[in-house]
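Comments concern the structure below.
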């Protein structure tokens, strides 16, 4: 997962100089927490253990909608896509883009718990950028050596802030290990993408960054004992790599099936192919991996350099729909990628596959 949040100069905003008391009215009851100066309401609530609704945590999805009932707040990114249809005159805000100026009362139209049932409570850490390497012409992977170990579930993400760069980026972990002292992330370069441009430059190696997480609920748990369907576009493959690593550690594919569909434009745009081929071998026939090419017709049904990786032509959700016909029994589906791709995959999973919402876990990023 990768998504972008923008922020104005914090020094110019009328922020509180000390912790503010925040009260949140939800369908589950009223909860309270303290918010530090300059901290977003979402991050403050999450690090106190509240299961506030969120997806991207960076302003693009609109899931963390809340209404300010009393008190004064500062909105960091007025033009955030996630707030495009909000009733601003009624006090609607994105928790991930809003900071308290003083004590305030919010209303969140969702069920909220005081502590996550399965996931770790997120926290702030610092980290050092290491092992930056190009995977393709426009995709880079990198590691962040963390100031304190992090427990996370496969499929989760963190938000990263870099020195001197406006805003924050959300990235799904590629690796999986408990009490991780480093995390591996991947980013696809985009036009006017400040963080991506910085990574492709010469100054990122060894730089100090700020990390908040883990976040996200599109997670894998081996004890659910389900077949796995994974559909990813571009850098959305990151979380699927973590799921594969966790599944391999649990020997999940000894008794369960896995189907991975990875969408890229052309054969040359594929990455992690050697890792896929190795996972296929380890699964001994219980894992299928297909590289879907949206702008190129493959010369054959299999990758020429990576045995075990199948090739297909078309949009990844369409390729998955054709390949999965009649094979949706007893599975959980994971989807990650740009919103149009995710929406297309969700339609396929619900209308063709007959899956219930509880059997689908997804991340959208812009």
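Using N, Cα and C of the backbone, Cβ positions are placed for all residues, glycine too.
Database features (Swiss-Prot):
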type	residues	note
DOMAIN	20-112	domain '2Fe-2S ferredoxin-type'
BINDING	56, 61, 64, 96	[2Fe-2S] cluster binding site
DOMAIN	122-221	domain 'FAD-binding FR-type'
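Per DSSP, the secondary structure of the domain 'FAD-binding FR-type' (122-221) breaks down as 7 helix, 53 strand, 40 coil.
Residue 56 ([2Fe-2S] cluster binding site): 28 other CB atoms within 10 A of its CB, across all protein chains. Secondary structure counts, DSSP: the domain '2Fe-2S ferredoxin-type' (20-112) has 16 helix, 34 strand, 43 coil.
The predicted model assigns the domain 'FAD-binding FR-type' (122-221) a mean pLDDT of 92. With every protein chain in view, the residue among the binding-site residues 61, 64, 96 whose Cβ has the most Cβ partners within 10 Å turns out to be 96.
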